[in-house]
Amino acid sequence: NSYSYFYFHYTRVWIPDTEDVWKAAEIVKDYKEGDPVLRLKLEDETPLEYPVGPKSNPLPFLRNPDILVGENDLTALSYLHEPAVLHNLRVRFLESNAIYTYCGIVLVAINPYEQLQIYGEEVINAYSGQNMGDMDPHIFAVAEEAYKQMARDEKNQSIIVSGESGAGKTVSAKYAMRFFATVGGSASDTNVEDKVLASSPIMEAIGNAKTTRNDNSSRFGKYIQIGFNRHYHIIGANMRTYLLEKSRVVFQAEDERNYHIFYQLCASASLPEFKDLALTSAEDFTYTSLGENIFIEGVNDAEDFKKTREAFTLLGIKESSQNSIFKVIASILHLGNVEICSDRDGESCHIARKDVHLQHFCNLLGVELQQMEHWLCHRKLATTSETYVKTMSTKQATNARDALAKHIYARMFDWIVEHINLSLQTSTKQHSFIGVLDIYGYETFEVNSFEQFCINYANEKLQQQFNSHVFKLEQEEYMKEQIPWTLIDFADNQPCIDLIEARLGILDLLDEECKVPKGTDQNWAQKLYNKHSSSAHFQKPRMSNISFIIIHFADKVSQGLLHQLFDEFQLVADLFSDKDDVTPAKSARVNVRALKTVPKAPNKEHRKTVGHQFRTSLHLLMDTLNATTPHYVRCIKPNDFKEAFSFDSRRAVQQLRACGVLETIRISAAGYPSRWTYPDFFNRYRVLMKKSDMMTADKKLVCKNLLETLIKEPDMFQFGKTKIFFRAGQVAYLEKLRTDRFRSACIKIQKTVRGWLQRIRYRKIRKMAVTLQRYGRGYMARRYAEFLRQTRAAIICQKQYRMVRERREFLRVRRAVVTIQAYARGMFTRRIYQEFLLHHKAMIIQKNVRGWMQRKQFRRARNAAITIQCAFRRMHAKRQLKQLKIEARSAQHLKKLNTGMENKIVQLQRKMDDQSKELRTQNEQLQTVNTSLGSEVNKLQKQLELLRSEQEDGGQVRSLEEELEHLRKELEEAHALRNKMEEEHINEKMDLTQVGEGDRPTDTAHVLSVKILTSRKCPAEVSSVSLQSELDKERERYQNLLKEFSRLEQRYDNLKEEMSLNKPGHTRNPSNQSSLESDSNYPSVSTSEIGDTEDSIQLVDEMGIDKAAMDISLFMKLQKRVRELEQERKKLQLTVEKMEELAKRKVTEQGFIRGQETADLAYNNLKRQELESENKKLKNDLNELRKTVAERASQNSSSNELQDGYNLLLSQLKSANEELDARKEEVLILRTQIETDSTPVVNNSKEPVDKEEALKAYHGLCDNHQDWCYLNEDGELGLAYQGLKQVARLLEAQLQTQSRQHKDELEALHTQIELLKGDIEDKQEKLSYMMSLSPEAQVEYSVQQEITRLTNDNLDLKELVEKLEKNERKLKKQLKIYMKKVQELEAAQAAAQSSRSKPELIRQVTVQRKEKDFEGMLEYNKENEALLVKTLINDIRPNNVSGTVPCLPAYILFMCIRHADYINDDQKVESLLTSTINAIKKVLKKNNDDFEMTSFWLANTSRLLHCLKQYSGEEAFMTQNTPKQNEHCLKNFDLAEYRQVLSDLSIQIYQQLIKVAEGIIQPMIVSAMLESESIPSLAGVKPMGYRNRSSSMDMDADGPTSYTLQALIKQLGQFHNIMRDHGLDPEIIGQAVRQLFHCINAVTLNNLLLRKDVCSWSTGMQLRYNTSQLEEWLRGNNLYQSKAAATLEPIIQAAQLLQVKKKTSQDAEAICALCTALTMQQIVKILNLYTPLNEFEERVTVSFIRNIQNRLQERNDPPQLLLDTKHTFPVLFPYSPSALSLEMLHIPASLNIDFLVRV
């Protein structure tokens, strides 16, 4: 034996054992070649002599070093053999709770019989995109490998899952499909992946059953092909099934069940839709009670049936088809209960009369009862000439009945599978597919049926394919490395397959015997004996002549099965017919209906047996598998008792041998199983080299020289291109040499260190002795000096003490005397006072007692009266209640209720009539008041004329003084009004504060920041933390909703773009594209609210009413919208009532109006005549004055008096002319009014009056009046015509406006009527529904309605508070405006009084002040808005404004908004803000992966939001402003709603920024944090398995991409610099960095928890160093206070956990106190994965891990193992005002915005 030199003292070996299969032992004496006995010692110190022989008993197997035990890949073991494999699986399963292990290309999965938290979506995300050897073994790793190879190699893949019943095949296949559904989800909304997963509960219901080995055993094989398109998204699937176990339908062994669907249907038989099935409990039916136990522990059949029906519905199977399926299943149960009675002759039988179950069977399937009774007891024999009907015995009829039941179920099974495939099909072309094969493993029982024969036949074929694939991979590996290829011998099972399927094989002879009319087991067995007795895989049993033994790859199986097939053959001939011959039917009922008249059997030569069908389908399956790349999953059942984490070695070895795992090991061990790359070998074994050898630069040459020196036999290793190949055991030998070298080095180090420590100890002792002596002598001297000092101090203290003691005694005596005197005097005084006090109290007590007695007497009498009244009223109420209950049950009560409602309606109508009458009377009063006011105006005009004629020169001064006095009074009134308004404002503010500050709708971010600040000031830290957590949760929920909204909006935009691309011709944007783009006619309702409501309604339609009702926020939005619509309805209702009332008034008061018109006409005529006479009088005076002037001028007098008189006359003449002109204008106006009122046409039709009608009225005026010439003598005709034209135009515009309003009101009223009708119908339905309920239900229903009403009232109150606060803000602004006006008025009056002679100077000063007030604005034309948005948003790049003020676009946009606010143009403000927000969204959508652009617009959006807050005019935001900035506040508009929209947009941009940044750094995290050597030469290298050297590694031409920690820190620095340069707020930068650090922590910790190779002490050291570097980066950039360092706490604690000691209970206590940020599952997982890198480290014991678990039970940690990498912290945008003055802002010319004008 070439390995004999390994068998020396202390070597550990494996020896066979009857119980544990293999037992560990240790050699106690060196073995020499030729020794007959090997002296061993067992683990319990028992000595053993193991006999050794060259042939009979070889040397035992060697054990692997402890460093290799527990490896992820079995091929990484140095010694590859059965005990090593078994021990490695056992250690991983029991100690590490690892159920998955690689064995080369095979994944070994051990059933834990326990639910493990390792299949969540976070685990899928962790394995997605990873190479197979990088992570711990997992079914997701195999699925990811198949998915990756499909995408990379463009070749179809297959995952072959096999194992015996109960090993977990179905679960493994289900998780593989879940991985594909998650990773390769469909690109469209067809939800194909959900349908693929929905097929699992259906197939489990109809194909799974409880067996003695498994509660959910699949009794059929299936191959599911999942189809992918070119983008590798799931587009469809297809399922193929193999060999359903039909015999289970009619027979189950003890403690087994039939298929689940039977029990599910019986458990749901009480449902109303299943009453026609006539089902009861499963115990009542023969086919479901043979196993004697119809229940499974922990399984609810009724709940599972609901899931099955939901899956049917999801897959598109109609309700009618589902009912048909359930009818077929129920008919099978009834068929099993049909009783077949034997006749007297024993050769015939009959069915009992009126058999209920047979009737149910016929009714359910539509079969004639008489025909069914006949053919269940008879059979038809057809010959060439005639047909015979023959009776059957009871046994034959029973077998025929069971055969019919099995056939019906099998056809139903095929129909369901076919329709599942139809629902999973797609019209899209399939590019590639991944197949998942869930098939049974080898089965052998005491009695093996035909199913076991087919199962083992299929496994032989699969094993052959597996062996050839493994052999092929080994050959490819050797050829790739250019190693001489030697043929490896492996077991080929082709002879066994030929025995079964070759010509005249077992299947051929079986088919031939089945065609014989009277074939028997004996005839068939004899043929097999004669034909195959010479085969090595065929044996004849000694004690039987009707059975045979097949020697399969795994074990021997005894078969005997013909009678099972033979019984079925005659009755159900089409069971063995080809599928092409069977007419496709919608359900199995059609096949059963054919039993009424059994058709003529087809030709027997063309009939195909079950064996032939299975062989054909198996060959098709093998062709499919051979055309794909296979991936193998071998499921192992650890024990037969279904105990969690219990390992039976004998059962495990049996399955390992059967599933081919050991064959893989044997093939690998026959060649070179251990393989190392040159760099890894150099790093691991360089300790064995000399320093001179390491100086060579070529590491490959160094490794060759070392191996030639260490291993003398050249056949033990081979050098490949990139790897070194070793024979089995050579790595263990090298590990031994390495350990010996380390041991000798350790001894030398220990010797040196111990000597150094002793020398250090001696020097330390000597130094300590000298020091003690010095300190001792000094201490004695100080002690004596202290004694002398204390003696002197004692004398002084005695002197002072005696003096103080005597003085204190004197003072105490004096105080005592004074105190005694004081107390004595006080005592005498208090005695006198007490006497007076007692006398006074006695009087008070007497007074109160007498009053109390009188009141007590009065209360007794009153209570007696009340008691009598209550008793009488209760008796009367009981009578009334009894009468009301009787009436409530009667129909008359409902009529009365309706009568009451009608009365209420009539009362409301009467109330409306009364209000209309009151309105009419008020209008009449208003008209009378108007007439009286008109008369008073005329009187005042007359008085004004008199005053003008009587006034002298001093009158004007008096009038000015009176006017000034009047203005002063108005100023005082304004001051009083201002004080009053301030008081009202203060009172109103106090009232609102008392109502509740919690409901104030202030700015969200500001309120949250104020709450956070106040919470920090609280003394109780617990309350502050809880408040902060609540705020974070609420903010996170809101931002998640916002994130979902942005995602839906993005999806909507994408779909819209796709539709626009697909549609030819021009397209039109939808009207509801943005909630900000819609225009509303109602200014009270904001556009954002309307948009939100429309989105909410659309969201309700998408989610469904039930789901939407659960969303409270959505419910509140809809309620708000309903209330708004209700308010609009009420407004429209009032408008209609007013119009109706006006119409009635017009009809009833027409006569009154006509009389009033005639009176007005008479009054106007009288007024006109009076004015005309006065006009004539003025003209006469004018003529007289002219004559006087002429006479005076004729007299040649030049005196001053005459000159003054002349001037006076001229002035009087001018004034008279002016008065005359004014009178003429009044006459013209009155004349026009008279003509307008006197026109015969009364314009009540609200039709527009055009110019032609006005012209006709003008001509009528010329014809009708006689004084036309007089009126027109001074050109009054043109003025009158112009007046008429203006009147006509005014009337025309008013009538058009009224007509439009009328039409709009009519349309609104029609819609309102429809709404009211619907409301009335709803109320009637509610009323009828409530009356139909029970009294308890009525109470509950009324309570629900009351809750709804209270909720609405609460919302109304909140809206009222909001309106009041809005009014408060408006009043504040108005007050400010009034104050400014008052100040300006005062200043103007003061200026007028002081310098009345210089008005021009005053105007100039005022203009300058206004220019100064309105600085810091930019004016633009409405036409340039698109150009502004395009220049500042669409076309701008961050580098264009890099040298200017940060956030320059935001400042420019705000200055434009300020100007629009200044000119009070609401449409301009709304349009600019809407365009800005939409443009920013489009830019971000276009640059969705550009971090710089996203950061740029996040900074600008947040700055624009801060500007809107800073200049909003609200006091909360004005505290940090300068006086100049406060003058720049917005004047006219409240943009709080737009601030909310911008806040939401900022949150969306922030989320996009985080997404882009995480996408950049995520590929760098694992390599930088875990794999790169930040501390050189610290990490050790361990042997790698097959997975780490296979072709599955995703490598480029230059090797895999790796990142260092410095690269990660550099990338973080780039992110930080970009955000800082763009002017982003430091708080937001800190939150972004915190989110990125959370991503780094989550990804690193998740990989650490899923990778055994990095859970070591050296990795902990590297990880701690890396985290310290990240913390140092935070400190260097002033980000340590941003809570980013706290997010690294879990990974820091994980690194410390890898480094601390893990032995004693004190260590366990320290770990529990240390790892507070890790959950118990994470701590235990890390301890289980901890792997020592050399012999000097120890593994963590199981007892230590159990101790940790017991200590951490009280934590109540969440169950998930991995961190959520997609978790997002809620972002907060704190208010950050800008110190920049807008008027000082410099706009560079490079922006090309010259069309903006500074204001």
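Glycine is no exception: its Cβ is also placed from the backbone N, Cα and C atoms.
The feature domain 'Myosin motor' is assigned by TrEMBL to 69-739. What TrEMBL lists as ATP binding site is G163, E164, S165, G166, A167, G168, K169, T170. Per TrEMBL, region 'Actin-binding' is recorded for 618-640. Annotated coiled coil per TrEMBL: 874-987, 1115-1233, 1281-1388, in sequence order. Marked as region 'Disordered' by TrEMBL: 1057-1093. If you look up TrEMBL, you'll see 1068-1090 marked as compositional bias 'Polar residues'. Residues or ranges marked as domain 'Dilute' in TrEMBL: 1474-1754.
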Surrounding residues of the region 'Actin-binding' (618-640) on its own chain - C-beta under 8 Å, 6+ positions past either end: 89, 93, 103, 105-113, 139, 142, 145-146, 149, 153, 155-169, 172, 176, 213, 223, 240, 242, 435, 437, 441, 457-458, 461-462, 465-466, 469, 646-648, 651-652, 655-656, 659-661
Cβ packing number for E164 (ATP binding site), 10 Å threshold: 23
Other residues, Cβ within 8 Å of G163, E164, S165, G166, A167, G168, K169, T170 Cβ centroid (ATP site): N111, N214, S217, S218, Y440, G441, C635, K637
Binding-site residues: S165, T170 - member with fewest neighbouring CB atoms within 10 Å: S165
For the binding-site residues G163, G166, G168, the one whose C-beta sees the most other C-beta atoms within 10 angstroms: G163
Tally of residues which DSSP labels helix, strand or coil - the region 'Actin-binding' (618-640): 9 helix, 8 strand, 6 coil
Average pLDDT across the coiled coil (874-987), rounded to a whole number: 74
Same-chain residues at least 6 apart in sequence whose Cβ lies under 8 Å from K169 (ATP binding site): V161, S162, G163, S218, D438, I439, Y440, G441, C635
Neighbour count (Cβ, 10 Å) for A167 (ATP binding site): 26
